[in-house]
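Take a look at the structure set out below.
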Amino acid sequence: GWSVHTTHTSAPLPQSVSCIPHILPPPLFHSMILVQVNPGETFTIRTEDGHFQCITGPAQVPMVSPNGTMPPIFVPPGYVSQVVEENGMRKVLVLPHAMEFHPSLPPVPPHLPLYLPHYVHQLPALPVYSEQDMMCHSMSVPIHEERSVKMQEQLQRRLKSGHLGTANGVPFSYNSPGPFIKGGQAAMHNGNSKGRTGLAASPTPPRLKHSGRTRGSPTSSFDVKGEPFQLLLCLVVFFTFCLVDTHSNTRAHTALLLSYELALSQSGTEGDFKLVYQGKDTTCTVGDLRPAAHYYARVCVACSSVKGAPSETVAFTTLCGTPDAPAAPRLIQRTKSSISLQWTSPNDNGSKITGFYLEYHEGKQSAFKEVYSGLAKQYKVMRLMPSTKYAFRLAAKNDVGMSAVLSCCTASCSASPPAPPSPPRLTEAGVTWLSLEWGAPCGSASRDTPTYILEMEDKESDCGFQLKHRGEEQSCTVKELRRFTSYQFRVLVAGSEGTSQPSSAVEYRTQPAQPGSPGKPSLRCPAEPHSLHVIWGKLQDDGGSPVTQYVLELSHSGDEWEAVYSGSLRQHVCEGLQEGTWYKLRVHCQSSGGQSQVSIFSVETPPLPPGPCQALRTAGAAATSEIPLCWDPPVCDGGAPVSQYCVEMTQSAEEYQQQVFCGSDRCCTVSQLLPGRTYLFWVKACNPAGWGPLSEMCQASTAPGPPEQCSAPQLILNTSTSGLATWQTPEGNGAEVCAFRMEWGLQEGALELLYSGPLTQYEVSDLQPATEYRCRVQAVSAVGAGLFSDVATVTTPASVPAAVEHVEEMREGPLGDVMAHSPATTLALRWKEPNCHGAEISSYNIDIGEELPLSTGRTSYHILENLQPDTTYRIRVQAVNSMGAGPFSSVLKLRTRALPPEPPVLECAVAGPQSLKLKWGEGLIRFSEFLCCRSICIYSGPSHTFKVQRLCEATDYQFSIQAHSEAGMGPLSPSYTFSTTRSPPPQLKAPKVELIERNKYAVTWEAHQPMKGDLIVYKLQMLRGREVEQLYKGPVTSYTWHNTSAGVACRLRVYAGRRSQDGSELWGQCSLSTGLPATEPPREHRISSCHEPQPRRSWPLTDEPFATVLLLGFVVLAVLFAVLIQYFVIERE
């Protein structure tokens, strides 16, 4: 049996240690054969137990033979295995069963395998693995890349079609992803155009190490069964890696949880790495690499979301490849028996190109033949047949192999030149171009399309015939020629056989051009209203032919033009034009070349003044001071729009006309006129040329208005109280004055209507003397009332004073002192000073019913004395001035006062220590009395009694009384003397009782000071029920008392009194009572009385507690009432 060991170099994983290789013994080394398995391929071998084992590349399989015999090797159909021994080392080569190469290409060296891209160069150290590791690395790696799957499918189709057979009659199983492509080159990515020739030529397998390089598989080109095709192997690298775990018992579980990520980079170990594989397998194949390119790989392991650190970077270089297919050669020259070709060098894919191979065939399904091989990039093929087409193709070769052929080119040798063609014919001529055509030469039998050459000669340039056209067309248009110029033309025919002789020359001329525009028209003299003298400049460009005529056109209505002149002159007078109108003038010329462009000029004829305006009339009813007018514009505006109108007015034809309106409106209102007047009006229009004539006269009248303002009236005084006012009748303004209104008054702003009627005078009466009056008059007609006249003034002469007004009695003021002495016999009067009527008042007369009135000076009050009390008087007052006495005032009735009452008798009703109650007489008449003491008024009122408070005890006081009525204050009464009584001592506090011994008590109380020299004495009383017993009386404030009636409730109280010097006593109020303190009864008495019912203990309520309880009750009741009022009254409101 044979033992199989798979050897490979694995990339180190993070935090792992590489497997330690076990070197085989020397006897086994000489009997070991190493088999190289390519990436993506499977190597099948029989094991010791008789089973077949599949080893997936890339891998190196060392086979150890104990007896030195060669084990059976399974190879793909159509291939044979060959063992080659070199330098003491055996190599297994897999070669095609039959190989055919192009006869012109050099044969492949026999030691280079065409199908096996990776082969052994030297034997490395062989590690020995355990059985478990070998089974792990011998697993079939699935093909993950789509490209590898397609290559395997194409290989299977080739196997089924019979192109590949079996080797040595031994069945085998071999999978290869490499595709077979017919007639061209497979699509692949080549990144480098140059590589290392030495490395490509060296039969070194890809060696993965930290500083090693890996090269891609070359492309082999060969023929199978006489059909040329290429077998292109992908540029792939096979990677294997493993995870070394020190805990062998958890290795199986770890493999199920771990995943691997492989990344590549082309920019060094520090460059950007691109992820190319991610999965749980420990092997992967990376494709689509560029040949002869440097790559850097690293792997890392991940478990769930935890990712380990990357491994150390492994560098490798892909192998060189065959050159790219070169482009088809290009024809550079040909003759009747030779063709010169040229080409460019393709991409060499890392290995320098060693030669180019040029082949050709003559068509008619003939095979390609090699005509050149070398490094030159052009070649001249000799000894060819004239007028024969040849096909050429090119291939490039380097040390790796031969390139594919991309495309072919065709070329033929030249033949005899064609016959000369017929001369060109003119089909159409222009100003700067000529269109020519020609026919094919006679007797032309060439299979190629001929090329026509058109040449032209310009006699003025002296340059001979110049090329103008070259092509297969039989017509041409020659452009950029000069106008109205002759040119000569000829035609030549050029074909693959050469160029013919030129045709006979013909001469053709271009057409003349359109002449240029004449000079812009202008006016020779200033424009007139009905004519224009127009001239225009000389023609600058005639287009090559002389001008035959000039045409002048005129337009004034837009696009309508009228020819007004046609001839050879360059001026013309246009007549019959309208004034103030814009005209457009344009001129153009004509020649054999056509009609020129026009030159346009615009001009306006000057306007004339407008004609007379039409239909001047009133525009409505005239007012009293205004007349509205309107008119129509003139029939002829003179060729210019009317800019403004002017209205003139006068009252008669002989008077001078004055301007009343000037503006652009065709209506106006003439104001500030007199009512009821007749006026004459004219109107005229104006334009830029000036004012036109006046229109026809228009006569209009204003409406009647109110009369004119009257002149100031004349006032004549007849007496001091009457006068006559006269005035003149004013102008009626078209209506008769029918009435007058006269206003009269004292102030100009407060005049009142006094007269209204048709008269021109009025007599005014009842005037006030020495008074200034104002008067004005207004005229009234049927239309309305005119303005008031100016105010006229008049002053009446002086007279007696007016009657005195406001006579009244004066009760207060400066006469108060006089009235106080005799109010019952005097009367005080006062009045307001009346109007003096122009003369100062000198005195007043007072009439009180006597025969002669009393005369007083110039004063406004007077006191009448010595009158009868309680008597009525009729009083009148009269003012007197230098003109005489005025009228009396109205009667004032006054009554003198009655005499004041006598004082009543004063008595003392009640006398107290600090007060005196007084009373005085009674009567039916209600008096007001004043009680005085020490000249101080202590009471004033209607009562008959009064109590004087805050007096001193035992003191004499004097009082006087005085009665007061409506008549006045009566006299004081004589003095009355009354005395106050003595006051008792103040109330003592409750006495203090102390038990001295059994039924013996000590009673003490407070002491009072003597009152005004009176001795203070005390009186002690005992209360026993309703009985009162006096115990002590004297000035001492203590007393010792022996209670003889034990067992009876007793209380003690004390009185304070004052004892005067005469022996009389005055006692005050008693103090509060004090109970006796309890005494301890005898024991036997207490024992005997324990069975007797205890009497209920009563607390007598004294005055102080009773007052306190009463006060608290009142407070509680007040609070309760306040709450009820707050709730029921205030809140509900």
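Backbone N, Cα and C atoms are what each Cβ position is placed from, and that goes for glycine too.
Record note: among 265-290, 499-524, 499-524 is the stretch given as region 'Disordered' by TrEMBL. Averaged across the domain 'Fibronectin type-III' (811-899), the predicted model reaches a pLDDT of 83.
The domain 'Fibronectin type-III' (709-799) makes no contact with the domain 'Fibronectin type-III' (517-608), as judged by fewer than three Cβ pairs under 8 Å among residues 6 or more apart in sequence. Within the same chain, residues 417-426, 429-434, 436, 438, 441, 453, 455, 457, 465, 481-493, 532-545, 547, 550, 552, 570-571, 585-601, 603 sit at least 6 positions outside the region 'Disordered' (499-524) and bring their C-beta atoms closer than 8 Å to a C-beta of that stretch.
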